[in-house]
Amino acid sequence: MRFKFPLMAIGLEVVMIVLFALFVQYETSVNTSRNPNETESAAMDVEKTMESYPFFQDVHIMVFAGFGFLMTFLWKYGFSGVGINLLIAALGLQWGTIIQGIFRSHGQKFLIEMKNMIHADFSTVTVLISFGAVLGKTSPVQMLIMTILEITVYAANEYLVFKILWASDTGESMTIHAFGAYFGLAVAGILYRSGLKEKHSNEESVYHSDLFAMIGSLFLWIFWPSFNSATADEAKKQYRAIVNTYFSLAASVVTAYACSSLLESRGKLNMVHIQNATLAGGVAVGTCADMEIPPYYAMIIGSIAGAVSVFGFKFLTPLFTTKLRIHDTCGVHNLHGLPGVIGGLAGIITVALEESDSTKTVSQAAALGSSIATALVGGLITGS
Amino acid sequence: MRFKFPLMAIGLEVVMIVLFALFVQYETSVNTSRNPNETESAAMDVEKTMESYPFFQDVHIMVFAGFGFLMTFLWKYGFSGVGINLLIAALGLQWGTIIQGIFRSHGQKFLIEMKNMIHADFSTVTVLISFGAVLGKTSPVQMLIMTILEITVYAANEYLVFKILWASDTGESMTIHAFGAYFGLAVAGILYRSGLKEKHSNEESVYHSDLFAMIGSLFLWIFWPSFNSATADEAKKQYRAIVNTYFSLAASVVTAYACSSLLESRGKLNMVHIQNATLAGGVAVGTCADMEIPPYYAMIIGSIAGAVSVFGFKFLTPLFTTKLRIHDTCGVHNLHGLPGVIGGLAGIITVALEESDSTKTVSQAAALGSSIATALVGGLITGS
Amino acid sequence: MRFKFPLMAIGLEVVMIVLFALFVQYETSVNTSRNPNETESAAMDVEKTMESYPFFQDVHIMVFAGFGFLMTFLWKYGFSGVGINLLIAALGLQWGTIIQGIFRSHGQKFLIEMKNMIHADFSTVTVLISFGAVLGKTSPVQMLIMTILEITVYAANEYLVFKILWASDTGESMTIHAFGAYFGLAVAGILYRSGLKEKHSNEESVYHSDLFAMIGSLFLWIFWPSFNSATADEAKKQYRAIVNTYFSLAASVVTAYACSSLLESRGKLNMVHIQNATLAGGVAVGTCADMEIPPYYAMIIGSIAGAVSVFGFKFLTPLFTTKLRIHDTCGVHNLHGLPGVIGGLAGIITVALEESDSTKTVSQAAALGSSIATALVGGLITGS
């Protein structure tokens, strides 16, 4: 048993190296040297792909520092939060590169661009969200397995949503946030039955663990405009996604603080709400961030998401634990699940109002349904 | 009383949404679809405005992580420092967008560019600086009111300085730093008389609160070159502002350490000096950072600012508390007030030496005077 | 004695200002105004040099926040780690600008570009690495002296490697990492004899000091692709350096976790390994990151480096202390020394396979030898 984790980790790394040797090649290596006429156009691609590098770095900070420190709020799990976060993300980005690349190239060799690296980082986010639901209930070995399985299901659903349904989801509210949350809840539901109740006593935050969690929370908040705009395919959409996310986030901070003070005894602010619900505006505006919506519309989405998220923490999470026997350690349902669904619904409404073609609206609805359904099924299978 | 904060916060957010619906529109929405001939030029604008996005992100880190964590150094106020910082900045950036936009468009609808977002973030900095002077003396409700009032006065003074006096202040040493510090000191002076002396016993830093404050201090230090160059209007000026700020900051670190060791018993370094005075070089070089000054001139400004700031912490702050009955919790006078004034003076001297036209010099002097005067008057009115 | 540190610091700052006045000028000041025909081309240069600014900022974060917080893992030295880090880097970047500029301009006046600022930040990294080996054994005065001496030796060796041998070392695995580690070990060896054994009892990490160290570790991890690509001179090389570093780092995380679990009692993960060995992949891929290697090759280098680094912490560091009487406080030999040598060797092998001309291979080997030799000699002299 002692050697299970190291052997599995090394085995997975060897598999990754073999898969990279088989499937991955450079933008500008054999292919360009074979045909000198293509050199010019290949060089152009490098310049263009490098334009996405600052967006990649912003997303990279969110994945490794943002999610990592957000999970340090429980004192007993502080180090395992940030440590296992790094392991999941480092393994996940390799597997995400491979599985997404194979889906898109239909099993051929493929080139690595900055966009592949952004998508690889994105794929790990689903696992990091689910990890928030099961923190303290799983071993490192289980997390290695969950990383491989969840990213595979994610890549399949993402291919369905973007390449078959042709739905819009630039900030991936549905395909990452709702997906990751419901996947994690399904796994947490299975693990609950295994009788892990006694661990709950470890769930205490202390003063400085809350400050460490604020590091994660703030870096997520700061870079969310980059997250929602990183994969937008033209400058105009990227610009709109940035502006809308900026104002949606600001609005969700104000309503989250207001609702937190409203619901807590003697009007005090609850730190868990501040760390999490302030981000709900970024999640919820994700699907329609790059659409032609006026900025005040983004602020309304953010305001609603901030409020709903606080109500979720206060009323839904305790209900989930007692009634549904699902214990959601970090409350990912309130930060990613509910706001992800709000994002999906806002996307459906926006498309229905903007586009005369109703098949577009149906695609959006199908994308939301598919994301939740594959997440629940995938999570239940993974948990078993 | 219990519902005062949540109701006021929600009310303000509703007002913001209504104002955005009335005044804010996109760079590329109705206007371009109305006139297809303008599409080309509008698309160009998007490309150009996106060039400022990395600078916006750097400033964004400073506002939300930098100032937030800098205020965690007092253990008792650690969470309220970083938490209220987020609330002020999130509300302030919405109001700043509106009030600055209305001033510049003379009450017409206006478009959001990256520069508007940078200016909106800038406007919140004034309140964050003033918050440092009154930390521990105010309630969240009072901070909401102060945010709205201070940003209004700031926008008026900024319009006067840049659009009527046509003065130079690229890093806004006068219009943000000196303004924010003196506004905060005026409010702190009023609040002192209200008899809040007993709170001072909470003013202790502990070992890890000082490390949390270093997170804020370092991120401010790292990105200050972006702060001073973010609004420069041509590449050459932006480049000069970066280089000058880089070396001015480095020089102020060395003299701040030297003076701290000189003044403390047994030559030890004082952590408050290290967290704050090392940044004085960035503040003081702000006004003339983009002018044609040789780099060693920037280093002299930084050296002086670092030293003056340490002396301020050691001798002026205690004097302010006992003699003037102004209690400056974070010592913002030493980090923003004095270095801001040094910056204003350095700007006057540089312009006087460079320009033959003496009206330019008078404009600079008028800008410094106006920034301090409006801050003091605004602060006294707000505090009452 | 009391005034030794402040007087030396102020003296050094005055020397820096004088040297800047003598040697440093702007890209676009006197030279362009003298000859109006050159204005066009000079303006082009500014645009081009500004393209490196995002890379500079990423490196800047690594130097000031990354290395600073990485050294907070020992509770007793937490503040001195991050505080002295800032002092060394602020002084070092000024001296590095001067000494590197003089070497390259052969004693003439020179212009400051973004690349100069990146190289200045790089030069301070050598001292920060060496500081990790001597943390807790030196006074601030000794660190001022070491900063000046080490950067001088570094600049000489760098000139030899890049401008005489014309070797490749884009991420400076040899010239920064191996150099800084062996320089520090040599100094630590000398200081050991001075009888500082009793200080070792301070070497304890506590739970939150490990979390602070993770801030440093993660920001280094996140931005390492920028470090290895910042000085690459064409877009294609920059792109390759980013991709290779990204995957090498990911691979080294997985093998470092596996080996840590393998070697620790009861399969637990060791926090020092997680903070340090996960970065070994970034160091080791540095020399050949921009060469035409397939990505799986980078992953093999990273996997080996992560494993070797953990073995180094477990077996070599205790051996160094007991047998060689060299006490390496932060274990820089395992994070920078060994992976730097692996990087140098990987560079030799890659060049030998790629280039038909064997003089290139000899140059690479000479560069590795020179970096280690000058480091050891320089360190022994500095320590005495």
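Cβ coordinates come from backbone N, Cα and C, glycine included.
Keep in mind that TrEMBL annotations are predicted by a computer and have not been checked by a curator.
Lifted from TrEMBL, the feature list:
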{"type": "DOMAIN", "residues": "B:47-375", "note": "domain 'Ammonium transporter AmtB-like'"}
{"type": "TRANSMEM", "residues": "B:7-26", "note": "transmembrane segment"}
{"type": "TRANSMEM", "residues": "B:55-75", "note": "transmembrane segment"}
{"type": "TRANSMEM", "residues": "B:82-103", "note": "transmembrane segment"}
{"type": "TRANSMEM", "residues": "B:143-162", "note": "transmembrane segment"}
{"type": "TRANSMEM", "residues": "B:174-193", "note": "transmembrane segment"}
{"type": "TRANSMEM", "residues": "B:205-224", "note": "transmembrane segment"}
{"type": "TRANSMEM", "residues": "B:244-263", "note": "transmembrane segment"}
{"type": "TRANSMEM", "residues": "B:296-316", "note": "transmembrane segment"}
{"type": "TRANSMEM", "residues": "B:336-353", "note": "transmembrane segment"}
{"type": "TRANSMEM", "residues": "B:365-383", "note": "transmembrane segment"}
Checklist entry - the transmembrane segment (B:336-353) and the transmembrane segment (B:174-193): do they have three or more Cβ pairs under 8 Å, with pairs 6 or more apart in sequence? => result yes
Item to check | Other parts of the chain folded back onto the transmembrane segment (B:7-26), taken as Cβ under 8 Å at six or more residues beyond its ends | outcome: 91, 94-95, 97-98, 101-102, 105, 109-112, 141, 144, 148
Checklist entry - So which residues does the transmembrane segment (B:55-75) touch in its own chain, when a touch means Cβ under 8 Å and the partner is 6 or more beyond its ends? => result 81-82, 85-86, 89, 114, 117-118, 121-122, 124-125, 128-129, 131-132, 135-136, 202-206, 209-210, 212-213, 215-217, 219-220, 223-224, 226-227, 229-230, 271-272, 275-276, 329-330
Checklist outcome for this item: Taking the transmembrane segment (B:365-383) as reference, the highest number of CB pairs under 8 angstroms among B:143-162, B:205-224, B:336-353 goes to B:143-162
Checklist outcome for this item: Same-chain residues at least 6 beyond the ends of the transmembrane segment (B:143-162) with CB under 8 Å of its CB atoms are 5, 8-9, 12, 84, 87-88, 91-92, 95-96, 99-100, 103-104, 123-124, 126-127, 130-131, 134, 169, 174-176, 179-180, 183, 187, 367, 370-371, 374-375, 378-379, 381-382
Checklist entry - Could you give the mean pLDDT over the domain 'Ammonium transporter AmtB-like' (B:47-375), rounded to a whole number? => result 88
